[in-house]
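Swiss-Prot has this to say about the protein:
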DOMAIN    1-281  domain 'Deacetylase sirtuin-type'
BINDING   24-44, 102-105, 224-226, 250-252, V268  NAD(+) binding site
ACT_SITE  H120  active site, proton acceptor
BINDING   C128, C131, C183, C186  Zn(2+) binding site
Amino acid sequence: MEEGAALEGVVKLLEAGSVLAVTGAGVSTDSGIPDYRSPRGSLNQGRPMTYQEFRFDPVASHRYWARSFVGWRVMADAQPNRTHYALVELERAGLLSGIVTQNVDGLHRRAGSENLVALHGDLATIVCLQCGHREARELLDARLDHLNPGYFDSIALDPSAVNPDGDVTLDDHHVQRFTMAGCARCGSVLLKPDVVYFGEPVPSIRKTRVAQLLDGADAVVVAGSSLAVMSGYRIVIEAQRAGKPVAVINGGPGRADHRVDILWRTRVGPAFDQILDALDL
């Protein structure tokens with residue numbers, strides 16, 4: 001679709017109000033976090049972890065936590081960008097009824113979005129697979145820092161190499177010299193970020209909340225997502241079954257491109273600048 005027509009179509013949806021935004025990794029690239037399918041993304045640097053590996057493969061789990069100890073620092077320092085703040089403005093103006101994000105970086109929350117569902121969780125929390133205890137990631141990081149003095153500073157890190165799930169590729173000798181901390185409650189090292197990994201279902205409470213948001217919306221705008229993961233693609237399918245228009249704003253090809261009402265192939269940040277200007281926000 002021609003850019004002017006796509007912009008006009010998205011603006012009309014927003015002017016009518018009650019729009020549900022669905023966001024993906026492309027929203028956070030301007031914050032310095034590569035998406036999964038970029039040249040530096042994890043699907044090109046090696047596959048992401050699975051739930052089964054966290055639960056049953058101590059070597060893979062140890063490797064992840066060594067890599068994540070380094071990569072999470074970059075994620076924690078990342079700041080919301082203009083797209084995150086644009087979505088906050090649209091929500092405060094009463095044009096967005098809610099946001100469903102597939103991202104686990106917590107940047108929508110930190111930007112101030114209120115009616116928000118983090119479909120795949122948030123890296124800011126960890127969970128013990130042994131006893132179920134949850135705690136803030138920063139508390140685990142403090143224990144890891146105590147057990148691994150000087151570890152982070154000894155590694156030359158390219159921030160652009162950090163994956164959306166918070167880890168970064170490390171040489172084996174760095175992985176081997178890393179010491180893992182245990183659960184604050186039971187001491188088990190069976191820890192996992194409280195996010196949905198491959199082989200793990202989206203919690204039913206989040207599915208229910210997404211269904212409620214979609215039921216109350218008149219349209220859906222997808223931003224920065226190829227919708228390759230079924231949990232995001234399903235929202236588009238359900239919206240269209242209900243006769244609700246769907247727009248996609250994304251820089252690359254996506255799974256739902258052939259079926260949406262408005263397809264705007266462009267960078268997400270500049271697109272939302274144009275949207276806010278058109279709405280006088």
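All residue numbers here begin at 1 and follow the chain in the order shown.
The backbone N, Cα and C atoms fix where each Cβ goes, and this holds for glycine too.
Model, not experiment: these values are computed from the prediction.
The least crowded of the binding-site residues G24, G32, judged by other CB atoms within 10 A of its own CB, is G32. Of H120, C128, C131, C186, all annotated as recorded positions, the residue with the shortest Cα distance to G32 (NAD(+) binding site) is H120. Taking the centre of the Cβ atoms of C128, C131, C183, C186 as the Zn(2+) site, the nearby residues of that chain (Cβ within 8 Å, site residues left out) are L129, Q130, G132, H133, G182, A184, R185, G187, S188, L190, L191.
Counting only same-chain residues six or more apart in sequence, the Cβ atoms lying under 8 angstroms from the Cβ of C128 (Zn(2+) binding site) belong to R134, C183, R185, C186, S188, L190, L191. Taking the binding-site residues S28, N250 in turn, the residue surrounded by the fewest other Cβ atoms inside 10 Å of its Cβ turns out to be N250. The separation of D105 (NAD(+) binding site) from the residue listed as 'active site, proton acceptor', Cα to Cα, is 10 Å. Comparing C131 (Zn(2+) binding site) with S28 (NAD(+) binding site), their Cα atoms are 33 Å apart once rounded.
Cβ neighbour count for the residue listed as 'active site, proton acceptor': 23 (other Cβ atoms within 10 Å of its Cβ, all protein chains included). The Cβ neighbour count for C186 (Zn(2+) binding site), using a 10 Å radius over every protein chain in view, is 12.
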